[in-house]
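Trainee: Dropping the structure in here first, questions after.
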């Protein structure tokens, strides 16, 4: 049985789709069979970031409505044979996602893949709640600024109350992925510091992705940054995050600082 | 020409409990009403302008009977402000609203019997029952952070949070509020009219604090107290605050 991972944030534009694609590709490069599911029905982007936009025939809504089989809708990545994409529909709206339909699809995917990564839409409405509904693990993507942090806090509250795991009385495993971190701006005080974000959200840190042109360049190339340029700083940070997801102990380094911050940051699991 | 900006007057919304006369009618109603008439005859105006609540617990009546009773009472200048213990099927738009969570208080003293008059059949307990004291005050303890968008409402007593209260989260308590962590959200203490309620926190970053309906936003709080362990209480209609420890 695979693990269902939801990548969520509440706020839009913080890097959910970029992170879903990058982590998916990183996990797949480690040998796992991975599928990334785009839940952003009506505003799909994952196909572009993964460079599969010209190969989409069927999508998630088609599968849920019984208009296509799951195997017809899955798109295999051209670079990694164990990385797949289940695209969202661009023409339908989120009302087409039904609770039963999503459950059927997720259950089927769990049987066939090691990781089912659900790329959540922004917001706290139907699309977002259905994306997190069946998750075993959640990644909360946050930018180091106050509005993103508050929205993430809201999402953590929902993860702890609206997911199947939470409703069954179990604790949802949550990780913080701090993206678009700019050490220079954090030093000037224009951005929240890593410690401040961790103190407010009090969930364990999965990684810090530095703000970088490499991410934008990779998106425009249609490749996850972990595939486009594996040696770039953001790619390395995503690879480390993927290893931590697999249970490895890897020290977290704050971009712009030389020494490892494992003891100080990743070690302080709270809440 | 200078125009003096007047201070905006905030609208105060808060819960408050009042003492009301609780009447417990018994079947058959005409006999009970006769007893009531007798009581009223001994003291004209006993019921006048007094708020009264009808306690219908254990009464097996229908809506028409209830309507009749309320009409009969209003003929006698008894204004019913609410119904206690009424089944939902008895309630209607033209009937008084349902009331819940009534607490016992000292009994109203029935008017004394005038000389030369026979004691009425309807007897009213004249010995006042002492207000129950020493009841345990309920409290609520939360050991997780209160997240943005979450709202804790506990009007019965104190709320203690072992953790932080996030920006955009809200706590409403009938008693005091204790936050062993950073208070970034909104907290309202003493909302049921308890002016002795206090707010305590290990680190003050609150968006809004209120005690018994008086509130202060982050802007009105003393900037010197930000980020500190603080307690806040009400003195008259002013919220006072001081650093703890």
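Each residue, glycine too, has its Cβ placed from N, Cα and C.
Remember, TrEMBL labels are computer predictions, not curated facts.
Pasting the feature list from TrEMBL:
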DOMAIN    A:5-224  domain 'CobQ/CobB/MinD/ParA nucleotide binding'
BINDING   A:11, A:12, A:13, A:14, A:15, A:16, A:17, A:18  ATP binding site
Trainee: Within a 10 Å radius around the Cβ, which one of these binding-site residues has the most neighbouring Cβ atoms: A:13, A:15?
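Mentor: Per the Cβ count, the most surrounded site is A:15.
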Trainee: Excluding A:11, A:12, A:13, A:14, A:15, A:16, A:17, A:18, which residues of the same chain place their Cβ within 8 Å of the centroid of the Cβ atoms of the recorded ATP site?
Mentor: A:9, A:19, A:122, A:141, A:179
Trainee: Tell me the coarse DSSP state (helix, strand, coil) of residue A:13 (ATP binding site).
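Mentor: Residue A:13 (ATP binding site) sits in coil per DSSP, no helix or strand.
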Trainee: Find the average pLDDT over the domain 'CobQ/CobB/MinD/ParA nucleotide binding' (A:5-224) in the predicted model and report it.
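Mentor: Over the domain 'CobQ/CobB/MinD/ParA nucleotide binding' (A:5-224), the predicted model scores a mean pLDDT of 93.
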Trainee: I need the least crowded one of these binding-site residues (A:11, A:16), counting other C-beta atoms within 10 angstroms of each C-beta.
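Mentor: Each of the binding-site residues A:11, A:16 was scored; lowest Cβ tally within 10 Å is A:11.
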Trainee: When you measure from the Cβ of residue A:17 (ATP binding site), how many other Cβ atoms are you left with inside 10 Å?
Mentor: 27
Trainee: Neighbour count, 10 Å Cβ-Cβ cut-off, for residue A:12 (ATP binding site): what number do you get?
Mentor: 13
Trainee: Same chain only, sequence gap of 6 or more: which residues have a CB within under 8 Å of the CB of residue A:14 (ATP binding site)?
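Mentor: Counting only residues 6 or more apart in sequence, the Cβ neighbours of residue A:14 (ATP binding site) under 8 Å are A:141, A:142, A:143, A:148, A:179, A:180.
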